[in-house]
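Asks: The ATP binding site annotation in Swiss-Prot covers Ser42, Gly43, Gly44, Val45, Asp46, Ser47, and the record cites sequence analysis as its basis.
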Amino acid sequence: MSGVRIPLFPRFIPHGTVKLESAALKKLNSLELSGGYAVAVSGGVDSITLLNLVAALHKTQATSRPVVLTGNHGFRAEADHETRFVQKRAVALGLDCEILRWNRHRTSSKSQETAREIRYSLLHQWCTEHSVKFLLTAHNKSDQAETVLMHLERGSGIDGLSGMHERSVFGDITIYRPLLGFTRQEILEYATQKQLSWVEDPSNQDPKYRRTFFRNLIAESKNPGVVVDRLCRTTSHMHRALACILHYVRSSLDYCLEFSPLGFITVKSQELRSVPEEIASRLLLLSLMAMGGKDHKPRYSAFWPILTKILQGQDFTPRTLHGCKVRKEPDGNFSIVRELARIETKIGVKTIAETIQWDRRFAIKIMCTHNASAAETTSCSAKHAPNPSEETQNLYITPLGNGSLPEHLVHVNRDVACSLPVLAHGDKVLAYPWQNHNIGVSPTISVEEVLVRRGVINLICHQLYR
């Protein structure tokens, strides 16, 4: 059973408590949190400490108002009590609090990893819906050490061993971890001296979880503090090495890859074979992630055979991986094309002249034709304004698909052409991109920007700050 822990009143306030509060408030004060931010609070001692520090900061700096978020994934009966406890504590400190509940399909897995995924999904959804760009979490130095050991057990490379960072990116949300420089013991001492109350989660003591196993392993060592310090020092070394590798990945980008205005990537095989294997591997990984619209890497077991064949110049039949189709071209290079079956079939158009991000590959604009008069353009815009008619509601962007190709696309690789966007109304295609239109005031579709190259560069940055 979980329960609220209320420490006895302390006889004195040690120097370490004052130091933690001063350093943490200085860290919080240095963060760029314009426009408001959210604070993830589970009710444990770490997050309650963060909540207390944020409330103290808000009293002196009321420019950015925080919102406390606490999640209930429904795995434990005590979760309702814990979320209400957090809400009551937040309100007592003068802060707004939202309880986030997982109301989607139930999962058979109730592991800590599944709970974490659900929690982050809830947090990201709320932040996105409320246009909140910054999220604070209470990860600490001890969490970092345990994470490194867990990744080491899984055989992680430099990415995994570089651990968590004080600033990272999750989708379009920036996550800050202001307590990452303090151990769990330092935070516990602070909370005790400050007479804070918190919730004890029994799963944190359950040895069936690997994190608990490694937590106990560190605690049973001769000098736990030294072990934590050295493991965290390892993450710093690995992060520097990762930054170095990603620097060379970025500098090799245009040498090894060619980005087509038709929204696919050509891997220049000879150039790829001339760079170190680690650089080549990451370039191919990033290409698959960007083209497939993914933020995570493909399975190693499926990815490695493709990389090996490319580096060795071997032939292979076209194959799909990570939402992409990879094929060898007659010139010996390889193309990475979006897999048609993985593209969302319909994206509705609400207004004329809006720019839409489509399939994370194209920025698309819907316009009236350039040869329409001003009066016609006004009429067209009004026709497709907000609160649209039934006709406008049926206007959407969709991939061209496996039907017949228009004349201006017959010279294009069929896989590429089929994955291109078209403007449709009902079951009829109204317009294709890269085509001259002369059809009065009918809306047209144009590609404002191809986003694939930018997507690869963003992924490089996110790997450094994840």
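For all residues, glycine too, the Cβ spot is worked out from N, Cα and C.
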Asks: Quick one: give me the count of other CB atoms within 10 A of the CB of Ser47 (ATP binding site).
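Replies: There are 24 such Cβ atoms around Ser47 (ATP binding site).
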Asks: Among the binding-site residues Gly43, Gly44, point out the residue whose Cβ has the most other Cβ atoms within 10 Å, with all shown protein chains included in the count.
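Replies: Within the set of binding-site residues, the most crowded position is Gly43.
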Asks: List, in sequence order, the same-chain residues at least six positions removed whose CB sits under 8 Å from that of Asp46 (ATP binding site)?
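Replies: Sequence-distant Cβ neighbours: Ala138, His139, Asn140, Asp143, Leu179, Arg184, Ile187.
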Asks: Around the ATP site (Ser42, Gly43, Gly44, Val45, Asp46, Ser47), what further same-chain residues have their C-beta within 8 angstroms of the site's C-beta centre?
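Replies: Here the nearby residues are Val41, Ile48, Thr49, Ala138, Trp198, Val199, Asp201.
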Asks: Non-local Cβ contacts of Ser42 (ATP binding site) (under 8 Å, 6 or more apart, same chain)?
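Replies: Correct list: Thr70, Gly71, Glu82, Val86, Arg119, Ala138, Val199, Asp201.
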Asks: Per DSSP, to which secondary structure element type does Val45 (ATP binding site) belong, with helix, strand and coil as the options?
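Replies: Val45 (ATP binding site) sits in a helix per DSSP.
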